[in-house]
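For 113, 114, 115, 116, 117, 118, 119, 120, 121, the entry in Swiss-Prot reads 5-phospho-alpha-D-ribose 1-diphosphate binding site, with the evidence type sequence analysis. According to Swiss-Prot, the feature orotate binding site maps to 117, 145.
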């Protein structure tokens, strides 16, 4: 399955000057919501991701996503894996488990995002779950921006990666684009970074 083509066909691979939720600036932005607005395509992508996870023989009892960006991807992945789905969300900028969602002690959970950049949001989600007694077994995403190490990829983890090295990250593709710290972003000389989503929007 050509994941890059899926994003291009959905007009979800944007070019410009963007402020990513990680805080980095980039000339490309992946808008997964445009890809996931097609239920059939969302199902196909989730099945592809589920296949990777099943081949790793992991025991997963639940999928959890940080709102909002990860919810559609996480729900479809949970459906493909045949497990339940929950999500965390920010309240006053603090990641929280609400809406009556509960986790069992030692429940094996995969944290799923639509896009993994540094993995900061995924780790905030994982921390909430671990504090409630859950056991995080893996991370998942439709796409990985190449900072975190993806299972079955030759690319190594880069500076700024937040995901723990002892847990696998399953994703369908690495999208490696230039990313810059705001203090050294060459794009800022000619334009202002815009933020299409998701954190804080």
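Don't overthink the numbers, they just go from 1 along the chain as shown.
Cβ from N, Cα, C; glycine included.
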Additional residues around 5-phospho-alpha-D-ribose 1-diphosphate, ordered along the sequence, whose Cβ is within 8 Å of the centroid of 113, 114, 115, 116, 117, 118, 119, 120, 121: 21, 22, 122, 141, 145, 148
Proximal residue to residue 145 (orotate binding site) among binding-site residues 113, 115, 117, 119, 121 (C-alpha distance): 117
CB within-chain contacts under 8 A for residue 113 (5-phospho-alpha-D-ribose 1-diphosphate binding site), separation at least 6: 65, 66, 69, 70, 73, 74, 121, 122, 139, 140, 141
Residue 145 (orotate binding site), number of other Cβ atoms within 10 Å: 25
Coarse DSSP state, helix versus strand versus coil, of residue 145 (orotate binding site): coil
Listed in sequence order, residues with CB under 8 A of residue 119 (5-phospho-alpha-D-ribose 1-diphosphate binding site) and six or more positions away: 139, 147, 148, 161, 162, 163, 169
Where residue 119 (5-phospho-alpha-D-ribose 1-diphosphate binding site) falls in three-state DSSP terms: coil
List of residues, in chain order, with Cβ under 8 A from that of residue 115 (5-phospho-alpha-D-ribose 1-diphosphate binding site) and at least 6 apart: 30, 32, 69, 141, 142, 143, 144, 145
